[in-house]
């Protein structure tokens, strides 16, 4: 009997009908929550502007950040008071609080201060709450993002394993549930240590939310709709990021901010229960009856009818996997062993991982640095995140018209170039810097979106999420580095953009080694992934059920939810741990309760400068003065004393204010939040990928959303920094697989022609989540409230996500043909299609191609892993993929995190950096299916690297708009690269290991997201250092992608052999 492909059935059920739309709508929740989880530390561990409190000149009850007398008491740098140093007052000071004079202070004696006045009195982050002020604490702030990324990296591999082992749905639910719970707990952190631990645990348990939701959305979409599906994910994630910025605007308290972010995650679990399990996963696990039920439901929802051949095919229980010698239920290690037996697949995995590292590092690096741009940090964050949406829209048009490889190459190259261009822009030209920043973010978002599709298309079904998680885990190394970019900026301000640009360009060249996967069926085995080529198995069936009909639309609609949640959860720390502007409280001149950040006496001695904002000059007299009477005559300029109290510029509350994380010696606590979050994701991804490939995508997705929402909500009640950091860790640990699981669930049921569209849907959803994060952060300035607003919807979404269908490919890879056929029938019915007799006969005769049913029933995960590990080509592919993931993750999150450091409103910068992803996704949509995955990934990485490096050369130019433009272009390129990498990872790995290998790549990508939160520390060493790192990694990853096979017009491989024999076909697949 002629073999029947899942894509044939998907065409019958409708490639993107109401069923897929519903699925994608459900996936919105975990995607948004993932955005919250990934970048919440941007605000919760955000640094604040502050100065030393001058008790000789002001009262605590009535302090202002800037006053006329302040220069007499505090050294100034760049027209701003230094944060931790002040002039030593003369002991005979007699001034009152009304006036302070230069004569009151000894300007030759600089003192360290321990009390501060913050510019934003309403804002609280862990900086002011845990007293993480001054340079000696900078590493603590950047460590937050790094720890977050470390957890993400670990989580991605574990999440991929769990998702491939136990299904995408459970992985998603667990991630969302645990991630939200730990995020909520983190809001109750009582100290920095607790905050950091929770920042690690949250991504560890919830960071696979995105990949799980992505896979859930992709696997049930026809080939022609994959790009659109991915675009939806990217848009939702970007909106989730932007939402974080909006929430941060209104909720300035980091505890409230975390509660707003994570409480919805728990609520969404009630909706996500309805999410259908991945049909591909069900089939890969031999659960054909369940897969058939999902397909049947999809067909019915899409108003399609499965053909007699399909019905007969499933009825005879003939859908089996390849490699008849494999034992039943192969373990992850056996399947990985099979991957490593194939040289091309191994190289592909290596390059993919590097590309992920680049995309993640540049993406998060730009996002994190958006709050450092000139202007309102919340607005900047929102702009940086919302810019992902046009990127996703562009990707939706480009990827179906141009090959994946070229699209990925161009987006990374653009991002790299824009990052490097910012080096030549004067620093005063803030609008140009912002524009460059936004375009960089859009480019890296585009690249990220392409990378997701690419990753999904180059790996087989049974290892798709595992390898995607593996690449993502390595990519998390980039997000681990990204939070440290501020440290590089301290060395040289343009250094982060130089790094972003360089690494993006490097990844762009590496991507040229990928096979083209545009219009190629998703590989179900390592063999198919190794030898990607266009064949009739997938596309026929997907064409018959509809490549992107109402069934797929419903699936994608459901998957949008976890994607948005993933965006909200992943980046919530940007605002909950965001630094605040503060200064020393001068007890001699003001009362502790003062709300005047810049009193008139503050500017008396403008000619004196000190480096620390937590030190001030000693006041000569110990007499208590009245406000406004501080005089510079009473300053001892030779005595610098530390501040004990601070005055915050705004009322924003993050963990900085709540946990008193002020001054340089506490900076590490803030950066640690993002790092811990990514560490949690790093830990969770491999487990979630394994569980997803083992037990199905659907359950993993539900668990991810529920867990992340739970921990995110708990984080909002953190009573100390230690509790907060613990919840920040646990949230991604249980919920970080949301994205990969939702991604694979969405992508695997999409035909080759629609993969880019499907990928863009996911990417846009994530960008929407990012922008939503920025918007929420803008209006919810209390971090606790913000977290609750972000995470509660996660719980509410669970009932919807519960209706998500399982991956048909996973069901088939697990020999659950009946379940797979049910889903295909449902998809065909929903899409108004009918599965033909010929397609059904081909589907039923798959045993002729794969071997006897009896032999296949002896398959087990361990055997497949051993087979994968014995294939050197597949091993190299995993390694390469992991490096690409590390690069993409580090650059992507590094840019996102650094967006709040750009000149201007940090919320707008973050939103812009998020929204720039949307045009990146749109470009990816237009390019990926025309120029191929490999060229696209290569180009986008190169551009991302170049933009980052160029920004280094314009660092001394006072052109904020130019710097922002380069930043945005870098983010745009890395977004396109990331999107391409996701698709690529799915397409180059086999079905039975797809989520495991995707999670593995994503896990290594999390190393990038671990580093990303630390990039602010790099900026303190040398300001351009982060961009240099991003640029170099981008270019390196671009070169690594050259080892990937082209997957354009190829089916998804079902076996390791298929994965290793991928042969690019630049001719678009034609419909029937």
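Each residue's number is its place along the chain shown, starting with 1.
Placement of Cβ uses the backbone N, Cα and C atoms for every residue, glycine included.
Predicted automatically and left uncurated, TrEMBL annotations should be read as such.
Annotation source TrEMBL lists transmembrane segment at 24-43 (among others).
Sequence annotations record features per position, and here TrEMBL assigns domain 'Major facilitator superfamily (MFS) profile' to 92-519 (among others).
Here TrEMBL flags 194-216 (among others) as transmembrane segment. Listed as Cβ neighbours of the transmembrane segment (194-216) (distance under 8 Å, sequence separation of 6 or more from its ends, same chain) are residues 23, 27, 30-31, 33-34, 37-38, 41, 44-45, 126, 130, 143-144, 147-152, 154-156, 158-160, 162-163, 168-169, 171-172, 174-180, 182-183, 185-186, 230, 233, 237, 265, 275-278, 452, 456, 464-465, 468-469, 472, 476, 555, 558-563, 565-567, 569-570, 573, 577, 655, 659, 669, 672-685, 688-689, 692, 697-698, 700-701, 704-705, 707-708, 711-712, 714-715, 718-748, 759, 762, 766, 804, 807, 982, 986, 994-995, 998-999, 1002, 1006.
Residues or ranges marked as transmembrane segment by TrEMBL: 257-276 (among others).
The transmembrane segment annotation in TrEMBL covers 378-399 (among others). If you look at the transmembrane segment (378-399), the same-chain residues 6 or more away from its ends with a CB under 8 A from one of its CBs are 35, 42-43, 227-228, 230-232, 234-235, 237-242, 244-246, 248-249, 366-367, 370-371, 407, 434, 437-439, 441-443, 445-446, 449-450, 453, 518, 567, 571, 574-575, 755-757, 759-761, 763-764, 766-775, 777-778, 895-896, 899-900, 902, 904-930, 936, 964, 967-968, 971-972, 975-976, 979-980, 983.
Taken from TrEMBL, the feature transmembrane segment covers 406-425 (among others).
Per TrEMBL, the feature transmembrane segment maps to 495-512 (among others).
Positions annotated as transmembrane segment by TrEMBL: 556-575 (among others).
The domain 'Major facilitator superfamily (MFS) profile' feature in TrEMBL is assigned to 630-1049 (among others). Across the domain 'Major facilitator superfamily (MFS) profile' (630-1049), the model assigns an average pLDDT of 78.
As annotated by TrEMBL, transmembrane segment applies to 670-692 (among others).
Per TrEMBL, the feature transmembrane segment maps to 761-779 (among others).
If you look at the transmembrane segment (874-895), the same-chain residues 6 or more away from its ends with a CB under 8 A from one of its CBs are 38-39, 145, 149, 152, 336, 338-370, 384, 415, 419, 437, 440-441, 444-445, 447-448, 451, 455, 458-459, 467, 470-483, 485, 496, 499-500, 503-504, 506-507, 510-511, 513, 526, 529-530, 571, 674, 678, 868, 913, 937, 941, 944, 948, 967, 970-971, 974-975, 977-978, 981, 984-985, 988-989, 997, 1000-1009, 1011-1013, 1015, 1026, 1029-1030, 1033-1034, 1036-1037, 1040-1041, 1043-1044, 1056, 1059-1060. Residues annotated as transmembrane segment in TrEMBL: 874-895 (among others).
Remote same-chain residues near the transmembrane segment (937-957) are listed as 355, 358-359, 362, 404-429, 433, 436, 439-440, 443-444, 446-447, 450-451, 454, 492-512, 514, 884, 887-888, 891, 924, 963, 966-967, 969-970, 973-974, 976-977, 980-981, 984, 1023-1024, 1027-1028, 1030-1038, 1041-1042, 1044 (criterion: CB distance under 8 Å, separation of at least six residues from the stretch ends). Summarising the annotation, TrEMBL assigns transmembrane segment to 937-957 (among others).
Same-chain neighbours of the transmembrane segment (963-984): 211, 214, 226-227, 230-231, 234, 352, 355-356, 358-360, 362-363, 366-367, 369-370, 373-374, 380, 384, 387-388, 391-392, 394-395, 399, 404-405, 407-408, 410-422, 425, 427, 429-458, 468, 471, 475, 497, 500-501, 504, 507-508, 511, 514, 517, 743, 747, 755-756, 759-760, 762-763, 767, 881, 884-885, 888-889, 891-892, 895-896, 898-899, 902-904, 909, 912-913, 916-917, 919-921, 923-924, 927-928, 933-934, 936-937, 940-941, 943-944, 947-948, 950-951, 954-955, 957, 1027, 1030, 1034, 1037, 1044, 1047, counting only residues six or more beyond its ends whose CB sits under 8 Å from a CB of the stretch. Taken from TrEMBL, the feature transmembrane segment applies to 963-984 (among others).
The transmembrane segment (670-692) makes no contact with the transmembrane segment (761-779): fewer than 3 of their CB pairs lie within 8 A, with pairs spaced 6 or more apart in sequence. Long-range contacts of the transmembrane segment (761-779) within the same chain, counting only residues at least 6 positions beyond its ends with a Cβ under 8 Å from a Cβ of the stretch, are 24, 27-28, 31-36, 39-40, 43, 210, 213-214, 217-218, 228-251, 257, 260-261, 367, 376, 378-389, 391-393, 395-396, 445, 448-449, 452, 556, 559-560, 563-568, 571-572, 574-575, 739, 742-743, 746-747, 786, 789-790, 896, 907-908, 910-911, 913-915, 917-918, 920-921, 924, 975, 978-979, 982.
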